[in-house]
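Got a structure for you, written out below as structure tokens; questions coming shortly.
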């Protein structure tokens, strides 16, 4: 049985709840257990995952990054998006861990809600499927 850590950014609560619902529904239908931790925003996701990867007290087979960044009127959106993607990529590349990237980047809250809703785009569920696939691949290639 695979054990997965879900790191959920709660900055946009409604979107966070939808992402988490999609992900946990998918994981409940698999042979995986999971724990959920919350972080304040998307930028904090890579650090939280790295904390868990480096922890001597926890051992996860894979990680799920859930969150949302919505474009505003300043460059902040671009910096946050680039920082999150770069941070997650560095965690994966430097620690060889399976990770599903479910951080929505959208031009509006309405577009983000469509992507998060499990009855529509279901990014949370898709990301859970991706991490399960990567855990299987990792175990086959080790």
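Using N, Cα and C of the backbone, Cβ positions are placed for all residues, glycine too.
Relevant sequence annotations retrieved from Swiss-Prot are reproduced here:
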- 76: active site, proton donor (ACT_SITE)
- 11, 42, 43, 44, 68, 69, 70, 101: 5-amino-6-(D-ribitylamino)uracil binding site (BINDING)
- 73, 74, 115: (2S)-2-hydroxy-3-oxobutyl phosphate binding site (BINDING)
In the three-state scheme derived from DSSP, which category covers residue 74 ((2S)-2-hydroxy-3-oxobutyl phosphate binding site)?
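Residue 74 ((2S)-2-hydroxy-3-oxobutyl phosphate binding site) sits in coil per DSSP, no helix or strand.
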Per DSSP, to which secondary structure element type does residue 69 (5-amino-6-(D-ribitylamino)uracil binding site) belong, with helix, strand and coil as the options?
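For residue 69 (5-amino-6-(D-ribitylamino)uracil binding site) - judged by DSSP and reduced to three states - the answer is strand.
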Which whole-number value in Å describes the distance between the Cα atoms of residue 11 (5-amino-6-(D-ribitylamino)uracil binding site) and residue 76 (active site, proton donor)?
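Between the alpha carbons of residue 11 (5-amino-6-(D-ribitylamino)uracil binding site) and residue 76 (active site, proton donor) there are 15 Å.
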Find the longest CA to CA distance in the recorded (2S)-2-hydroxy-3-oxobutyl phosphate-binding set 73, 74, 115; express it in Å as a whole number.
23
What's the longest C-alpha separation between any two of 11, 42, 43, 44, 68, 69, 70, 101, the listed 5-amino-6-(D-ribitylamino)uracil-binding residues, in angstrom?
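Binding-site diameter by Cα atoms for 5-amino-6-(D-ribitylamino)uracil: 17 Å.
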Over all shown protein chains, what is the count of other CB atoms within 10 A of the CB belonging to residue 44 (5-amino-6-(D-ribitylamino)uracil binding site)?
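So the Cβ neighbour count for residue 44 (5-amino-6-(D-ribitylamino)uracil binding site) comes to 17.
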Out of these binding-site residues, 42, 69, which one has the fewest other C-beta atoms within 10 Å of its own C-beta?
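Comparing Cβ neighbour counts within 10 Å for the binding-site residues 42, 69 gives 69.
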